[in-house]
Amino acid sequence: MKDGIRKVMLKKRMSLEKDMYDRYSYLIRTNILKYIENRKFKSIAMYYPFRKEVDLLNLIDLLKDKDILFPKIKGKDMYFVKISSFDEFEKGKYGIMEPVGEIYNKIIDIFLIPGIAFDERLFRLGYGGGYYDRYFSKYKKGLLIGTAFDFQILKDVPTYNHDIKMDVIITEKRIIKGDNL
């Protein structure tokens, strides 16, 4: 069932026209900035967009006073690396751009997390590798913000016990908050 949803949602995301993709990504970045503007945080983890995931890269210039981190895959594990420029990336596992550098060993305050689909209960459906689920089962969680285009929000996605739940999901149209926020 998860694979069927992945296939349909990925096809839908990949079919987004460039102007809509850019516009929706801009609106999502704007909603993220509004949501986090009054929060005290020192570090924020994001991702390099792959297969038309929401493009958050412009946030790097707007959050220069923060530690900006990107995920890196090593074997079955994922960890985060601080970056200061776009020169610090190389193509990694699965063809996704990854940071070059040392593991960030401090607590990460905010995570911006991509997904293929999310549901109204704040669960995430990723590519199926389990990297985020494994990471958050080992390390202290900061604020988990799922980023998605509004069409990626489903009523319900299939979940397992180990699947992590977002605290918030931000789309171009809305902010879906958990009960604790």
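Just so you know, glycine gets a Cβ as well, placed from its N, Cα and C.
A quick note: this is a predicted structure, and the numbers were derived from the prediction, not measured.
Over in TrEMBL, the protein carries these features:
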- K2, D3, G4, I5, R6, R124, L125, G126, Y127, G128, G129, G130, Y131, Y132: ATP binding site (BINDING)
- E53: substrate binding site (BINDING)
Message = Max CA to CA distance in Å over the ATP-binding set K2, D3, G4, I5, R6, R124, L125, G126, Y127, G128, G129, G130, Y131, Y132?
response = 21
Query = Hey, what's the Cβ neighbour count for G4 (ATP binding site) at 10 Å?
reply = 9
Query = What kind of secondary structure is E53 (substrate binding site) part of, going by DSSP in three states?
reply = coil
Task = Sorry to bug you, but what's the C-alpha spacing from E53 (substrate binding site) to Y131 (ATP binding site), rounded to the closest Å?
result = 16
Query = Taking the Cα atoms as reference points, how far is the residue listed as 'substrate binding site' from K2 (ATP binding site) in Å?
reply = 18
Task = With an 8 Å cut-off on Cβ-Cβ distance and a minimum sequence separation of at least 6, pull the same-chain contacts of G129 (ATP binding site), or say none.
result = none
Ask   = Long-range same-chain neighbours of L125 (ATP binding site), Cβ under 8 Å, sequence gap at least 6?
value = K2, I5, R6, M9, G115, I116, A117, F118, D119, V157, P158
Request  = May I ask which residues of the same chain, at least 6 positions away in sequence, place their Cβ under 8 angstroms from the Cβ of Y127 (ATP binding site)?
outcome  = R6, I116
Key: Protein Cβ atoms within 10 Å of E53 (substrate binding site), excluding its own   = 20
Ask   = Three states by DSSP: which one describes L125 (ATP binding site)?
value = strand
